[in-house]
Each structure stands twice: as C-alpha cells, then as structure tokens.
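Have a look at the structure below, then the notes.
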Amino acid sequence: MADTTVSLAVRSAPPAPSQAPPGGPRGGRVAAWIRRGGLSTLVIALPMLLCFGLFSWFPIARAVVMSFQFTNLVTAPEFVGLENFTYVLSDPLLPVAVRNTFYFAVLALLFGYPIPLLAAVAMSEVRRARGLFAALAYLPVVVPPVVAVLLWKTFYSGADTGVFNTIAGWFGAGPFPWLQHPDWAMPSLVLEATWAAAGGTVIIYLAALTSVPPELYDAAEVDGAGIWRKIWHVTLPQLRPVLFITLILQIIGTSQVFTEPYLFTGGGPANSTTTILLMIYNYAFGGRGDYGAATALSLMLAVVLAILSAIYFRTTRRWSTT
Amino acid sequence: MSGPTTGRATGQMIDRGIVSDADLRRPGVRRGVRAVHAGLLVALVVVGLGPILWLAKAAITPTQDTLRAPIEVFPNGTDWANLAVAWTRFDIDLHFFNTLWLALGSWAVQLLIAVTGGYVLSVLRPVYARVLSALVLSTLFVPAVVLLVPLYLTVLDVPVANVSLINTFWAVWLPAGANAFNVLLVARFFDGLPREVFEAAKVDGAGPFRLGWSIVLPMSRPIIGVVSVFAFITAWKDFLWPLLVLRDPAVQPLSVRLPALQDYVELDVLLAALAISTVIPIAIFLVFQRLFLSGAGLSGAVKG
C-alpha cells in the first residue's frame, strides 16, 4: 500500500535539445554521436532500461497477454479468448469479494478520513512541541504491517481477558467476538488498518495546513470571523485539493488490501473478509495455479484503479499550476 | 522550485494559524485550545505509543500473565528469556539478518536506478528522453496488483537470462529497482539544480560520466537521503512479494516468517519476536524523524 499512497505531481518530460546530427557518412554520424556522449548516456541509462524492461514493462505487457491465455505452468499456455474473464465474472465468490472490498473501503473512509483531518487541524494550532505530536501520530506507520496485524490479533482475542475485551469490560461491555463473527470481522480489520495508516494522512494534512496563506486568516478576522467560521470558510476550502487527493489515494490503497484479511482471518469467517486481492492470490497461489484467471481479475481491478489515478494526476497537475 | 527538500517541516513555527493572538487573549478561547491540545496529546500517547509500549512490555512477560491480565504491568515479574529464546531457538537471528540483507540490497538497487535514471531523464536528456520518461511515468498508473502474477512468472524464469530467481534475494532486490516514483522524484530534484553549472562543466570537456560523478552526485545528497530512508523502510515492511518468491524458510525475512511462527511458538516468544522486528524501523524513524515528518516523500502529493 505504501507505494501507491505516495506519489507526486509529474511534469511533462523536458524537451530534448534539438541537436540535428551532422550530415555525412553513416560511420561519421555514429562517431560524432559517441563523441557527444551518446554512448555514455546510453550506458548510464542501461540499469534503468534493463530493470524497468524486465520487471515492469515486460510483466505489464505479459499481464494483458496472459489474461487471454490458459496458463498453469504445466502445459504450454494456450489462447482461450475471453474465457478467463467469463470464468472470473461467473465465480460466485466475485460479488462477495467486490462487496467486501467496497465495504472495507467505505469503512476505511468513515474511520480514516475525518479523524486525521480533525487531529491535523488541532495539531496545526500547537505552538510548542508540534514535532512531538506529529511523531506520536506517525509512529504506527513505521511499525511493519505484519507485526501490526499479529499484535492486533492478540488485542482482538475473543477471550474475556483479551486486551480489548478487558478494556471493554471496564465500561461494562463485551466480551466481543472481534474476529470470530462475520459482522465484526471487517470493522475490526479496518480499525487496525486505520491505526496503521492514519499517521501518514495526518502528515499530508499538516503540510497542507502550514501552507495556508496567513493573510487569509487576517482578512477573515477583519470581516469579524470567529474561530469556527475561520475553519469553515478559510481552512477547509484551502484544504479541498488535498482532501480530494487523500480520498483518491485511500480508495486506491484500500481496494488493494491484502495483508489484513490474509493474516487476520484468511478471508473468513464465512467469506466475510474475502477481498478482491485475496481472490487473486487464491486463484494463482492458493493451490489452483490458475494464473490466467488471476491476471484477468487483476486487469479488471486495474482498469478501475487506473481511472482513479488518472483523476488523481489531473488534479495534482492542475493544482500545481494554480 | 518546489522539490522535496523545500517542503516546510511540520515542526517549524508558522507565522500564524487559525487561532490568532487576539483570540488567545480571551480566557475562554485559551482554555478551550489548551483542553483540545491536552486531550489530543493524551489520545495520541494512548493510540500511537500505547500498542508499541504494550508490545515492549509483553515481550518480557510470561505468557500466562499476558493471557490472564493483559493490561497489568508485570504482575509476576519479567521474563527476559523470551527474547533470547526467540533469537536463538526460533532462528529470529537468521530472519533478522535476512531482512537486513533484503533491505540493504533493495536500497542499493533502488538508489542506483533512481540516480542514474533521474540523471539521464533530467540532466543528460538524450533525444529518446521524452519517450523514456513517458514509459517510466506510465508505470505509475499501473497498480501493483497487476504485476503480481506476471512478475512472479518473470522471476520464475527471467527472460534472456533463463534463470529462476525464486528463493534468492535477487528476486526481491531487482524488481525493487523498477520504482518509477523514485526515478521521477530524483529527476524532479535534478530539474531544480542550476543548469549553467552543467553547461560550464560540459564546455570544460566533462563527459556524462565525469559530469555525473563530480558535479551532479555531490549536489544530490538531500534527495539521496530521502530515497534511501524510504527505500530501506519500505523493504523492511514488505510482505506479499517476499511471501511469493521466498518459499524456503532459510531465506525468509521476518515479515514472512512471523505469521508461520504463530502456529507453533508460545505467545510470549512470538511477542518477543514481534518486538525484535520493530526495533530497527522505529530506530530509523527516531533518527530521521525530520525527514519523515516533513513529508519529504509526500511533498509532491501535497504541493506540486
């Protein structure tokens, strides 16, 4: 998830200097190209070309081809048309997985969208030791996801002496079946995922909050605005672009959730936490070795996500020019 | 330029925020602000630090105490042996060093590709730079999930070389290099460097290698720091990819090995192993705090 949550507004490539190759015989041109550093440039570009070629461009192209093939690594791959797609689309588990992924994303928005915003707005007003506040908020983000999940699995123990059930007991509630009941499992997963990710969002908001021009607050005060009206009429409108970006990033991230359902529940109980990525994993690596179906499903998910990231890039670019 | 190094650190004082000095002179407002901040601090300590402190405590507490009274602090004393048992008897030492090697190798490969790639795209700008840049950029739009299966099959039988990288560290190191985000981050940083210096060096007869080594590289220390820290920590946290390509326990990092351990290791030893796995990332975070909190790796998303 980390890779997709971090991104940047990209400028278009700088125009290449228009050095027309000097005329003359072919050998002379190559010699001139080498003399101008063309060969050295190519050598320097080689690591990137090889690495991206083998481990990015080739697999992406291969994904498209594979989605139309039956591949199990035992027999030679054969083209089967749209069979992988129809197979995946008619899998009775697919609507369940789509619904679960959607549910995860919505819950993650409910938990993870307003809280970091409120925390960041309050934090931006701290005049001393703001670094301490930010560090505390960010700390869970550096905990390795596997450690976080296994730790929370202990917290979620269904016994009445489990960590969370003990705390719930102080308030006369529980014990709750955190991971054991189909209705409880998904919110429990999202709670842990929010804990693990919210700090990153807080930092994004804090950076955006420090770049709100102070003159706007001065102007609002001249017009007699109090604290709440300043938040509502100055702060939030100024944060609108970054709010939109974190929204899209969060949807892209949560729709690829894997570690939490895989380690917490393995998709259970009763498939209540089976997500799309878990389905992809199970097609390919869950003993069936159905790589064609797995890639077909990945591609379908990717198209949806690509549309979202295109919106994201358009927004960041437009924002950077204003 | 608005490169990653110029992002304002969050710890830095700003001229003013939502609450003005005049607001603060009103006692009601001052009390309210103080109460909000105190509440926020308590919440952050409980939520952010609490689970990590609990893990540290549970790592040296006997299983029975953790099961029966999880919130109490050492009701029947400590059990430091958990750490030693995890480290030696359950091979956490092996997996710890595997993780370290995986992270260091991924870091080295990512840095090599990001710096050379950024240098070619931003400074050298050959005629094909436009196409190359578009190809690198386009991979940002492809979510990681698409690569999962085809990349696995590629690593299983690398084209041209015809070798399998499965159960070798190369299976993690090499694909880590194909990170478009790093390349573009470095390229953007180089875009902000003064071009006249490069032109002057070229006039003095410096070729691409010399220009890169003696002029550009010494100027790129800030961005190398950013890429390094994030590359290392990302590699340390990685789970799904190493799970797929490192099937042999002898080469597995902590993240892959820990879930397997939970089935046959006692709870206190497992928690000790979890604590050991967290030490390095937290140490790195504490040392490079400013880098993380300035949103260096995120600044592009915030302000283009």
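Cβ from N, Cα, C; glycine included.
Automatic, uncurated: that is what TrEMBL annotation is.
The domain 'ABC transmembrane type-1' feature in TrEMBL is assigned to B:96-288.
Sequence annotations record features per position, and here TrEMBL assigns transmembrane segment to B:35-56 (among others). Same-chain residues lying 6 or more positions outside the transmembrane segment (B:35-56) and placing a CB less than 8 Å from one of its CB atoms are 70, 271, 274-275, 278, 282.
Annotated transmembrane segment per TrEMBL: B:100-124 (among others), in sequence order.
Tertiary neighbourhood of the transmembrane segment (B:131-153): same-chain residues 117, 120-121, 175, 178, 180-181, 183-184, 187, 240, 244-245, selected by CB-CB distance under 8 Å and a gap of 6+ residues from either end. Per TrEMBL, transmembrane segment is recorded for B:131-153 (among others).
Here TrEMBL flags B:165-190 (among others) as transmembrane segment.
Beyond the ends of the transmembrane segment (B:211-236), by six or more residues, the same chain brings 3-5, 99, 102-104, 106-107, 110-111, 114-116, 119, 123, 172, 176, 179, 182, 185-186, 189-190, 193, 197-198, 201-202, 255, 280-281, 284-285, 288, 291-292, 296-297 to within a C-beta distance below 8 angstroms of the stretch. Per TrEMBL, transmembrane segment is recorded for B:211-236 (among others).
Annotated transmembrane segment per TrEMBL: B:269-288 (among others), in sequence order. Tertiary proximity for the transmembrane segment (B:269-288) is limited to same-chain residues at least six positions away from its ends with a CB under 8 Å from its CB atoms, namely 52, 55-56, 58-60, 66, 82-83, 85-87, 90, 92, 96, 99-100, 225, 229, 232-233, 236-237, 254-255, 258, 261-262.
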